[in-house]
Structures are given as C-alpha cells and as structure tokens.
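J.: According to TrEMBL, the feature active site, nucleophile maps to B:Thr197. The substrate binding site annotation in TrEMBL covers B:Thr160, B:Lys186, B:Thr197, B:Glu279, B:Asn402, B:Thr407.
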Protein chains: 2
Amino acid sequence: MTANTNAPETSDLADDVLPQGFRFAGVKAGIKASGKPDVSLIVTDRPAVAAGVYTTNQIVAAPVVLCRSRTPTSSFRGVVINSGNANACTGDQGDQDAARMTQIVADHVGCRADDVLVMSTGVIGHQLPMEKVAAGTVDAYGKLAAGAEAFSAAATAIMTTDAFRKVQWGNVTIGKNTYKIAAMAKGAGMISPNMATMLSVVITDAPLDENTCQFALKMAADESFNRVSVDGHTSTNDTLLLISSGEGESLSGDDLSTFQQTLNDVCIRLAKLLVADGEGCTHVLAIEVSGAASDTDATLIAKTIAASPLVKCAITGGDPNWGRIVSAAGYAGPTINPKQTSLKICGTLIYENGTPLPFDAKALSQAMKASSEVLIELAVGKTGASAKYWASDLTNDYVNFNSEYTT
Amino acid sequence: MTANTNAPETSDLADDVLPQGFRFAGVKAGIKASGKPDVSLIVTDRPAVAAGVYTTNQIVAAPVVLCRSRTPTSSFRGVVINSGNANACTGDQGDQDAARMTQIVADHVGCRADDVLVMSTGVIGHQLPMEKVAAGTVDAYGKLAAGAEAFSAAATAIMTTDAFRKVQWGNVTIGKNTYKIAAMAKGAGMISPNMATMLSVVITDAPLDENTCQFALKMAADESFNRVSVDGHTSTNDTLLLISSGEGESLSGDDLSTFQQTLNDVCIRLAKLLVADGEGCTHVLAIEVSGAASDTDATLIAKTIAASPLVKCAITGGDPNWGRIVSAAGYAGPTINPKQTSLKICGTLIYENGTPLPFDAKALSQAMKASSEVLIELAVGKTGASAKYWASDLTNDYVNFNSEYTT
C-alpha cells in the first residue's frame, strides 16, 4: 500500500483529490451580519454510510441531538450546515428549526428527513432566522456541484471566527484500488474537545459499513480532534462526521488499518489547523508527555499543560519560565514522579530528574519566539506511556476578540 | 456572643486588632531585583499551636515539604518567609536551604529548628541566594516588634506581583473573653486553590489545641481560599498557617463554632482580596451555583465557570454572552438538568428552564461594566445544593504581565 497526503501548510485543492459521489455548495443566506457565506450543503448521489462523534457537553445544541439519533446510518443523503448561529440553548423552537432544516433538504433530494443531518455554529442562545436559513438551503441545493470549487465554497460557508479555510485530504491504495479522503473543518474558539471538537465533515469513497465507519471515526477523533485545545472550553455544537460513498464489501483487517492510518493523518493535520488558527494564536504548543502511568494519564497531563493560561502566556512571550509547565503537570491529577521529572523546551534540556540545569535563557527565548510550533517535551517518570497534544498560546488578540463578541 | 469584622474595603490596621503574643518584621534582603522588602519573620513569645494546609500540587516547593512534616504542632516559635524566589523545583539544594532558613531563626530564638516554619514565594526553578536570605533573616530578627506597623511590614515583605497588601482581621467574644484574629496573605497569579492557595498566615489568641487548630483551619480554607481562582493554575508553594498564642483550655462545642464563623469570615474576605488583586483583574466574578446533585457538584460547576477564558473575557468586556456560562456548566462534569437550567447575570434573568428570555442587552452590558463584582447566578436543577466561588476576569494586562516574567 501507499499513502499520500498533502503537506499541512498547503491547501491547493484540486478536483482529483475528492472522492466520487458527492456534491457541494456554500452560499450567502444573510444569517451573518457580515454578509459572508453562511449555509453549506453536502449531498451524496446515492445512499451512503455516515457516522458521527459529538460534543460531550451536557448542554447540547439542537442539531447535535438530531444527528446523534440519526447516526450511524447507511441511508445518508445529505448534511446542511449553517454558520452565524449555533441553534444552542434555544429550547423547543430550536429543536423544531433543526428538524425543519433537514426536512427542506429531504424534500429537494427526495429522501426521508431521517436521512439528512444538520449542523449549526455561531453564537449561542439566539433563535435561528429560519426564513433566511430556509431560503439559503434551497439556494444551496440549486448550486450543488462536484469538484474542488464547490467543496471550497462549502468549507468557506461553515467558518465563523476562522481566519482561514481548513481543508485536508489524503489517499490510500489498497490492492488495486486507490481510495480518497477529503475533509473540511471550522473552529477557532471554544475549542477543547471531548469526543470531537468544532464542526468537521470527512468524506471518502472507501467502502465502510456503518459499524466500521463509526469505529474508524472514533479512533481518528481520539488521535486528532480530541488532542487539541484553544481555550479549554468544550462547545455545545462539536460535530465530526465521516461519510463514505464507497460501494462493495467494507474494508476490514489490514486494509482497514491502512485506511485508518491515513484517516488519522488527515484528521490530525486538520485538528492542528484549528489550533494554528486559534483566536489570537501566535505560537502552537506541541506538548509531548512521557513516563506517565498510562497513555490516559499522559494525555491528561498534556491537556492540563495545554490549558494553563500561565503556560500559554509564557509561550506567547517566548519566556522559558519552565516552572509553570512542571507545576501544571503536578496539579493535573495523575500520579507523577517528581524526582524523575525532566523537561525540554525547543530541544533544550532545562530540568532533569527534579533538578534545574543551567541554560542560556536568552538563546532559548529567541528560539521559542522564532518557532511557530514550540516543542515541549516533559518526562514524568520512566515508563513507556506517552501522549501528544496541541494548543494555541494566549494573546491580547484572544482577549480583545472575546471581550466583544455579541455586543 | 458578638463577632466584629472590618469591612473588606478598608485595611486601616490598628495595634488593638492584633492578638497578643506575636512579634513581626519585614525587611529588604536584596532577593528581589526591585529592592523591595522580601524577608518576613513572625515569632511568638512562647511556644504556640500552629496548623497548616498546603498545596495539593505533586510538584511541591522545599518549604512546603518541611512545613508539612512540622505541623500541626504545639511548640511553634516562628515562621520565616521570603519573597522573590519560590525555592521550588530546586532539588536537594532547595531542601537544604529551606532547612537552613529555619535553623537560623531557631539559633536566634533559642528553640529547635523543628519549631520554626518557612515559606517561599516567587519564581520557580532558581536556587535561593542564601547569603542574602540568611542576612535578611538575621536583620528581620533584630527588627521584631509587636503592633500594627511591624505586622504591616511583615505583610508587605511577602508580596510578589500583588498590587496591594492584603490584611484582614476580626474578633469574637465568647463568655467574658474577646479573642482576636488577624491575617495576612499574598497572591495575585498562579491561583487556583486545592487545599490552600498562595501564602497566608492567620494569628489568633483564642486557645486551640493542635487538632482543633488543624480542623478549624481546614474548615476555613474550604470555605475561602479553596473557592477562589485567578488563572486555574495551582501553585507549588501554597501554604496557609493558623497560629494560636491562646492559653488555657481549647475552644470546643458552640464556642468553637462561634470562633469558626469569624475565622471563616476573615479568610473569605482575605481570599476575595486575592481575586480582586488577580493579575490584570478589572472585575470579580461572584459565581453562585444552585440545584446541583450535591454541594461538591455545585462547587465543581462554579469552579469550571470560573476557569473558562471565554467566560472571563465576556465579563472583562461587559458582554452578556451567557451561552458561554451555561455551556461551561455543561462540560464541568457533574450531571445537570438542561431543562431546569436558568441563569441570572447582575440580577437579570436571561435564561429560564432551558429557554432564552428576551432582555435588554445594552442595559445589562452597562450594568456589568459598572459592577466591580459581577454576580452570576446559575441554577442547574431544583435541589437545595449550592456553592459560591470567586474569580478574576481575563484582560490584556494579565497576558502582558505573564508573557514577560522571567526574561
């Protein structure tokens, strides 16, 4: 087998990276005051397999409730997505509006509303402007097309505070077949995953049955979207879908493992784009924790470091104030071994087995400032358990942006 | 009984609010580059009872390790405190330095080193400048005095990033005796308590035996310092001491309850001063959660709201973006009832039983901006369980301050 993926830094999407069997549209419906695109639609030419993973927040948006009840499925036909309004904390009216969005799509596609999914993203606690949403959905249906341009339009219309469009893709050859995976995501704030974070749709033409699709997506989420943090705030709307238009026998065994590897890779690159575009982000923290009692413990320690405002601010300023990192590990919860705790920042060993080492603070500060991704390697013992995590730093721009959002 | 306490907003300390049997000093030892006071000493005239509660961080500073092994005690004679250096993550050398600080005090007081406690606060991971610390300790011993001026000097020399000195006091009359409680604290960042936060010394002349002293202090910490958060980062050095110079039979029963009430009150007011002085703080969030399954659940929900950067930034900007508060409750962990979730900000009901209510966003925003303490009342069900929590907001000043600390 071979697996090819695009570099994370490029997003030059071409028609031939997209799996067959999908059509896309993104339109302006006037939901956003800015007048930017705000309704996306993705439909499949035939019934397809779809799986989803969703926010673990107990306060869930109406679209999440609906999608949870409709996935996994092997009769998927479409998903409609609006940005500019999250349809969260909107009571019974919100539930009715989410259902109506899927009904409108179903009426045009000629399928059951149950075969259509829905996502919303934006401000919480406002009722959807349903006339605009409905008109936008109909408009999007009329503009459905295959190809990169339409895919990009759909990826653009799901953005909210995102500074750039987030798409990734890859392909995997199994036997004589080459399968494609393409994915889009949005998200720049309220990002601290638990299951999935933000909105993301991954499409493929690899054949997957319902259970396999669900399993593969959960695996990929745990390695990617569940390992990034912007602000430690788990959203009410997080939804990640995997849609397969593939026909024939479902992948399994080694073939599935090969597919999984590429799926994980696409999702990891997409998740890292979320962090890089974290509100106000100037540096990505790449946190690698080793030596914990288990991988789960290592993940929790890495997540705690990722969430510390003091650590984030130190990275913002290129400040090798490493005590903040070590002390965050100490309050994370899992048992650590302080006398076997060691730390490297940008490859420089500065704390070894509980004792500080002399280092050139000025040189390290310059290295940190110059790195768009600051590598933090923390050992908290001598075991083989480890975890990776990615986070954004904390800047004035984050504060300014989030101090003036709804008003 | 009667209990009198000073108003939180005043700190006009007079000699007669201080319990008898204590002497204090605060001096400049040159540990801080700024040249500000950095060594404090508190001694008792006779052996006294002392109890401590400490950080739950697994990465603990050398002074915390030492104090833990020496409290509770009924032979306490003194505590030496340096600011400007936390003596944390300093390996064996740090342990030796902490022990030596107590030995120097013991040599002058004429007691065992075991009867002396020690605290340090400041940057993590640098060895103490022991010549300066030793000379400062000797200097402080020579300047010991009773009275408000000396108490203030001691409270000043423990400050690091604090914008103002934090002292509180109260008295309680039991039978024909009036007992006094006076307390000092420092802390403005790396504040998210678990047991105690920051450094604080509470002194009293109420008679307490070792176990009673320890119990009363733990109770007070749980109601005060364990309910405030600046940045969610639990320090390596948190230490809270209660020292009693009282003689005769220990308080117990109703008398102890009366004393406890005043002790709690003094500690709550002191803890709220920490939040009000939180790095860059412009508004205090006063969070009241009700209707959870237990008080513990309510506390965890309140703490999660207090730690959300999105909630903090909304308060900074006077933005009634209430979905951030409700969604934080949803990811806190404890089970909540979304259909019985209601929210008031500054007394205005804006979300009731899972449904948003119309409200005057502009008027509420103005009320939030005008309130130095923004009241957030969240119900997550109909039970009687509840909790209070206090937190600082998140501002550019916090980010700027913490982006440039060691370098």
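Cβ atoms here come from the backbone N, Cα and C positions, even for glycine.
Quick caveat, the model's predicted, so the values are computed rather than measured.
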J.: Least buried of the binding-site residues B:Thr160, B:Asn402, going by other Cβ atoms within 10 Å?
T.: B:Thr160
J.: Starting from the Cβ of B:Glu279 (substrate binding site), draw a 10 Å sphere and report how many other Cβ atoms land inside it.
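T.: So the number of other Cβ atoms within 10 Å of B:Glu279 (substrate binding site) is 26.
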J.: Short of 8 angstroms on C-beta distance to chain A, which of the listed binding-site residues (B:Thr160, B:Lys186, B:Glu279) are there?
T.: none
J.: Long-range neighbours only, meaning 6 or more apart in sequence with Cβ under 8 Å: which ones does B:Lys186 (substrate binding site) have?
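T.: B:Ser83, B:Thr121, B:Ala155, B:Ile158, B:Met159, B:Thr160, B:Asp162, B:Lys166, B:Met198, B:Leu199, B:Ser200 - these are the non-local Cβ neighbours of B:Lys186 (substrate binding site), listed in sequence order.
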J.: Helix, strand or coil by DSSP: which one applies to B:Lys186 (substrate binding site)?
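T.: B:Lys186 (substrate binding site) sits in a strand per DSSP.
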